[in-house]
C-alpha cells in the first residue's frame, strides 16, 4: 500500500447496521451519508429556523477541529480584553497567524485580531497558526472564535521496511486530541518496543471493531507491543486513522506503569488548535456555539427564577446567569453528586452568586403535594399564582400521570420479557446497585464536598425551564465511532426524555418558556418529542425564535451551506 494512503487522516464512521437502516429511512441515503461524513470530517454549526411550525436546521459545513468557541464571562471581562490577553499568551507559546485564512473566521469579516507572523511563511504542521475574532451574530459579541489550521499533511518518517515508531490511542482520546488536547496516559493502548522519553512517534487511533460476542471492542490487550508489521492489532483497520506526531513524555514502560499524566506532547497535528487548559480561569469558558445558543434562546431576564434540569457540567447554567447579569435565581440540578460539585466549582470560579445547586433526579423534579394538607393550608413557599391555577396544575398532573402510567406498563412488560429469557439477577446485586444509586460512586471515586439534596419543586415555580436532556449524543463531533448505539437504546432515550418533559411542563409558570435541547441527530429524540409535547399538552405552543441564520454574513463564509434537520442543536421554545 502507498504510505500516503495509510499515514493520513480519512476516517469513515461505522454504525450499528439496524441504526444505520433506521436513519437511512428517516433522512434518505444521500442525506444520511452527508451527515455521517460531517460528523467525522466537517465542522458543524447549526441554527434552528421555525417557520409555520416546521423545524429546520441549517448547517455550516467546515473541517472538524479548525475552531474553538469561547464564551466570555462578561461580569469579569470583555471580549476585546480577552482577545488581547489570549493573543499575548499564544504568541509566547509560538502561535502565528495565517493571514490568508484569518478573514474566513465564521460570522466575522473584519476586526480580526491575530498573532504576528514571521517572514518565513512556512505552512507545515509544526508551525502553529491561529486567529481570534468576536462573533458577529447580534447579541452574541461575548463569544470569541479561535481558528486554527489544517488539515496538514504530516511526514511520519516512513521508510521502506522500516515503519515509524507508533503509539495507538483510544477512540475517545483521539477525539479529544482532534480538539486540541494532548495524549494522557489512560488513552494509550499500545506502543512500539524500545520507546524512550523524548522520542517522536506516530499517533494512530484504534476504533472499535465487531467482537466475537456480537458487540464492539478494541480487540487487544492494553500494553500490547507494536512490531510495525501487518501482524499488529488492527493493522489494516488503522489505515487513514493517523492524527499526528507526538513527543513522548515518558518511556513505554512508564506509560503502562503509572495511572495519570501526559504521555505524549502532540507537536504535529492533522488539525492544529490552541489548548486553553487553565487559561484565564473565571474569565472564559470553552463551550460549543450550539450550547451557547441554547441558553441564549431561553432569553432569561434579570430577576427571574430559572431552572436548569440536568445542568452538569454547568456551561449552560453559567451562561444563563451571565445573561441575567447575576441578578435573579438560577436553580441547577443533576442526579450525580460529583457533577453537582463541578457546577458549584465552575460557578465559584466565574464569581456567580445567583446559582443554587441541588442533587436531584430530573424524573423527580416535581414535589408531590399532599392534597389533604394543601386543602387546609398552603405549603411553605407556595405562591398565590399557584393557588389561582389549581385547575391548570391538576390538568397537567393528570396528563403527566397518564403518561407515567404508560411508561410503567412498558417497564413491567420489559421485566416480564426478561423473566421469559431466564435472566436472573441476584438479590445481592440488587442491594449493591441500590446502595450505589443511593450513596453515589463511593469514597474512592467521590470528589468530596457538600451537596444539598432536593425533594423537588412545587408546580408553577419557574419563569423559564431549560431541559438539556440526556440523549444519544449522535450529533457531537468529531466522532469516529457510532456502533455502540442500538435502535432499542435510542427508544430508551426517547422514553426518558418524555418523562423528563412531563416534569418540566409542570414546573414552568403559565406564560413561561421551556427550552428543550439535545445533541443528537435522532428524530425520535427531537421532532418526535416536540410532536409528543404539542399532542399531549394542548395548551402549549411553539414560540417563535430569532432567526440566527439571517444574521450570518454568508458572503464572507466559504463553506458549504446545507439544510440538515435536527442536528446537534434543537432548542424548541414552548409557551403556556
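One-based numbering along the chain as shown.
Glycine too: its Cβ is placed from the backbone N, Cα and C atoms.
Remember, TrEMBL labels are computer predictions, not curated facts.
Annotation source TrEMBL lists transmembrane segment at 42-61.
What TrEMBL lists as domain 'SAM-dependent MTase RsmB/NOP-type' is 217-576. In the predicted structure, the domain 'SAM-dependent MTase RsmB/NOP-type' (217-576) carries a mean pLDDT of 78.
Residues or ranges marked as S-adenosyl-L-methionine binding site in TrEMBL: 310, 311, 312, 313, 314, 315, 316, 334, 361, 468. A C-beta separation below 8 Å, combined with a sequence spacing of at least six in one chain, links residue 310 (S-adenosyl-L-methionine binding site) to 333, 334, 362, 467, 468, 469, 470, 500.
Under the heading region 'Disordered', TrEMBL lists 427-452.
Marked as active site, nucleophile by TrEMBL: 519.
Taken over all pairs of the listed S-adenosyl-L-methionine-binding residues (310, 311, 312, 313, 314, 315, 316, 334, 361, 468), the Cα spread reaches a maximum of 19 Å, rounded to the nearest whole number. Here residue 314 (S-adenosyl-L-methionine binding site) is positioned 16 angstrom away from residue 519 (active site, nucleophile), judged by their C-alpha atoms. Fewest Cβ neighbours within 10 Å among the recorded positions 314, 361, 519: this applies to 361.
In this view, residue 316 (S-adenosyl-L-methionine binding site) is surrounded by 25 other Cβ atoms within 10 Å of its Cβ, with every protein chain counted.
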